[in-house]
Amino acid sequence: MSNRVIIFDTTLRDGEQALAASLSVKEKLQIAMALERLGVDVMEVGFPVSSPGDFESVQTIARTIKNSRVCALSRALEKDIDAAAQALSVAEQFRIHTFISTSTIHVESKLKRSFEQVLEMAVGAVKYARRFTDDVEFSCEDAGRTPIDNLCRMVEAAIHAGARTINIPDTVGYTVPSEFGSIIQTLFNRVPNIDQAIISVHCHDDLGLSVANSITAVQHGARQIECTMNGIGERAGNCSLEEIAMILATRKNLLGFETGINAKEIHRTSNLVSQLCNMPIQSNKAIVGANAFTHSSGIHQDGMLKAQNTYEIMTPESIGLNRNNLNMTSRSGRHVIKHRMEEMGYSSQDYNLDALYEQFLHLADKKGQVFDYDLEALAFIEAQAAEDNFYQLRQLVVQSDSTEGVATATVRIEVGGEIKTEAATGNGPVDAAYNAIARATDRRIDIISYKLGAKGVGQDALGQVDITAVYHEQNFHGVGLATDVVEASARALVHVMNLTCRADKVADYKQNMHKNRELGGV
């Protein structure tokens, strides 16, 4: 048996079912092209009979994708299969995926038929789909709760009818790894023609076991895993593609399997799916979460600086990230501060490490994570000046025209002790406030990230706005808190303006430092 595991991505079919708003055809095509670069073997891109929009998107993707096999879903009905075949007919290579429920509860309660009738429908659907392509996949929906005798009969009949791939879904995420592995093993032991098809698995994450069940299934003979990027999908989601790919790559010494996934595309593809689907990735998500390669513990950071594999079982570069992050927090030791200063190009003669570390701990206790620009300000600006705010928001008044969508904001800002008042318009109240603040401070920055959240609960809750902005090719992170979202946004921007002001002071200091070095060397 081959050790190659086929990666069947269903982000654009099962994954999209979890979205509050449907993706456009253009957005689906963007994701499909990213999945092709990622190296998925098969991509299931829609359910053509469900709507004209889904039909169009399947057809568009089928016409464009060349290196992955494009697949469409259909129920065990001729009209569904006709729609799938028509939408896919423009593809260079395609698969029709047809399915029917096989568990007792589904057969009796949903389909209201006997198992024998369902078996006949399944065989008929596979034979009908074979008229359009020899690549037909058949799924036994809710296989995890199907009586094993019935499941064996269904699999044998579907293979005999012409199905090349048989999918065994844990549709409701009910099974545990030992149980699911036993189901797969029993199929291999009892289905006489099982060697004529690829056994696939499609596991949901209702109990958090989708990845574990999929890996166990492969160990018992399955050779296709159905999954989605970031694990998105119905209810608690699907098996995560990125987790499967990196488990099989990282533990190849133990498991002995390989895939065709280009792991260096994982990070980029994950971000694209997150952005287009408007589904943020939890920070502690395995492989692709913001904290996946971030180290905050001083002990861990010390180990990482000595040897990366002390606390990393895979490298961030392997999934397309530049490098790990050593978060500077109150738990970080002197060695991390010294390392960051060296990374920024400073020698130990440029600053006093002991004094810097003491100031760093004071700031870290107040704000949590400390960034590079904070460290530079502490090192080269007087301690109090490094924390003083040159800009302070004193008043914000916003007026909005609900019909035109144009808003006007007036701000009173204290600039180095002097009050300045400016007004500006914008596309909405937040944009207007930003424009007015930019005028008052005479600073221009590019905002590249805006996140709205809440701090506290009930009546005590405050709106929290986190922004990331670019100034002179450096990223700055600002936070604003207020009962009003517009005010919180304005305070976040003023926070960034103060950070850039300190950065300018640091730049002046560095320039003078370099001049003094040159003069000293003459």
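Each position is counted from 1, following the chain as shown.
Glycine too: its Cβ is placed from the backbone N, Cα and C atoms.
Swiss-Prot annotates Asp14, His202, His204 as Mn(2+)-binding residues; of Asn150, Asn230, Asn238, Asn253, the candidate listed for that same site is Asn238.
In sequence order, Thr10, Pro169, Thr171, Cys203, Asp205, Ser210, Glu226, Cys227, Thr228, Gly233, Glu234, Gly237, Cys239 are the same-chain residues whose CB sits within 8 A of the CB centroid of Asp14, His202, His204, Asn238, the residues recorded for Mn(2+) being left out. Neighbour counts of Cβ atoms within 10 Å were compared for the binding-site residues His202, His204, and the top value is held by His202. Listed binding-site residues: Asp14, Asn238; maximum Cβ neighbour count within 10 Å falls on Asn238.
Looking just at the region 'Regulatory domain' (392-522), the mean pLDDT is 85. Counted with DSSP, the region 'Regulatory domain' (392-522) comes out as 52 helix, 56 strand, 23 coil.
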